[in-house]
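Take a look at the structure set out below.
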């Protein structure tokens with residue numbers, strides 16, 4: 001099929017339903033701007049081209065098109081709108097189920113210790129009794145897990161590209177499955193501390209590794225729907241973990257093992273099996289996927305924004321790490337994560353205990369009372385995730401709304417009006433806390449850059465932002481039981497700080513966020529006309545504007 005000429009492109013832009021873009025010479029910076037003005041992408045200065053054909057090298061002057069590089073983007077129009085949708089569905093089926101199951105197992109294996117704590121309570125088979133631990137000593141189980149987890153996540157992400165995602169993520173999963181199974185053999189608190197330390201070390205890198213893997217396949221504005229699939233299944237870990245704890249609570253003593261030992265052993269073996277399966281089934285990068293045609297491989301890479309990581313880049317570039325460390329946005333997002341996790345992780349970790357202390361039936365049945373959180377979380381993620389994916393409202397509004405709702409729930413928990421009210425507030429707060437992450441990640445990956453830079457930035461934010469996992473449970477110490485009034489007062493202050501951090505981050509990233517939404521809406525409209533938009537968000541341009549003192 002013939003490539004479009006410059007005249008074709010002029011005609012397309014002139015008749016694309018946007019009368020202001022009638023000249024191919026106009027880009028997103030058609031008007032003169034000063035260093036203090038914000039250069040904006042808007043639908044008055046966009047360029048379109050018909051889909052289903054390759055763009056010729058000399059078809060247009062790419063200097064006028066923000067974020068477009070002819071060498072990389074020539075294949076952006078190869079597929080029609082319907083062909084693109086079918087291709088994305090195929091990619092989803094090859095990647096998302098595997099990533100979602102990995103996240104599900106990670107959630108189950110990292111949080112099952114909170115359920116193990118109250119299994120067989122009042123008997124010699126309880127984990128605290130068998131290992132001779134007090135409640136405060138057990139608090140350290142979560143802290144020691146997160147110490148290696150925090151330290152090792154960023155370095156782990158830097159190995160993804162060199163070792164290949166299928167190999168590295170499989171290594172992570174099998175390693176933590178082995179460590180999880182070894183939990184069943186511990187005989188004292190020191191043994192449990194050692195097991196949790198190595199579990200944190202083994203699990204480090206899975207979640208940011210998966211996020212990085214998605215950046216090689218999807219645009220930032222497409223991440224929301226993919227994370228929707230990811231988190232929906234992943235959050236059923238609460239249901240599965242609660243059911244397993246309830247089930248193994250009843251078989252305690254079989255073959256000489258307590259219920260908590262059966263819980264760790266079975267979950268570890270399942271994880272090992274899945275890790276082996278992942279090695280043979282997870283796609284690495286578009287150019288190496290055997291189930292894609294050459295045209296599809298070229299199209300997938302061409303449709304990614306300029307700042308996206310690519311398989312063809314070098315495996316490691318130290319300069320990109322230095323650039324990331326100088327990036328204000330990385331530190332702001334890390335602060336958002338840190339204040340949020342410290343303020344909410346303790347509640348999640350202690351939810352089974354809080355529910356049990358409220359006096360709801362037996363200890364074993366209290367496990368089942370935690371299950372509603374998972375269903376509510378799935379409903380919130382699905383509803384708000386689809387709403388955010390429409391790009392009609394700024395994405396930062398959604399996590400901010402969630403933080404306000406969590407604050408309201410904490411106010412109820414602080415005042416402790418009634419056991420029913422506290423139970424409802426606990427469920428709602430935990431559900432919105434779990435739903436906060438899928439609202440934040442698409443916003444975060446909009447501002448990462450290149451292979452090494454993206455790997456480091458994503459790993460850094462997720463790792464050091466997880467400081468809440470180490471500090472959060474320490475807020476809920478036994479001396480504050482059963483109502484944990486002091487704990488919830490501290491948590492409210494931290495969630496308030498998270499709100500301020502989110503507002504500040506929104507201000508700094510407002511240009512990128514707005515332009516991402518504009519282009520998403522325009523791509524949808526253009527696709528229905530059989531066209532594609534050539535413009536993209538230019539992250540490097542934003543950095544230059546910041547350096548000159550301009551806005552972002």
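The backbone N, Cα and C atoms fix where each Cβ goes, and this holds for glycine too.
Whatever TrEMBL says is automated annotation, not expert-curated.
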Task: Annotated stretch (transmembrane segment, per TrEMBL) among the listed ranges 369-388, 509-528, 529-548 - done: 369-388
Open item on the list: Checking feature assignment: transmembrane segment per TrEMBL, candidates 260-282, 283-305, 306-328. Which range matches?
Closed with: 260-282
Open item on the list: Are there residues at least six beyond either end of the transmembrane segment (168-186) with Cβ under 8 Å to its Cβ atoms? List them, or say none.
Closed with: 102, 105-106, 109, 131, 156, 159-160, 192, 194-195, 198-199, 202-206, 209-210, 213, 257, 261-262, 264-265, 267-276, 278-279, 282
Open item on the list: Please tell me whether the transmembrane segment (455-476) and the transmembrane segment (228-248) touch - that is, whether there are at least 3 C-beta pairs under 8 Å between them, with each pair 6 or more apart in sequence.
Closed with: no
TODO: Would you mind giving the whole-number mean pLDDT across the domain 'Major facilitator superfamily (MFS) profile' (95-513)?
DONE: 86
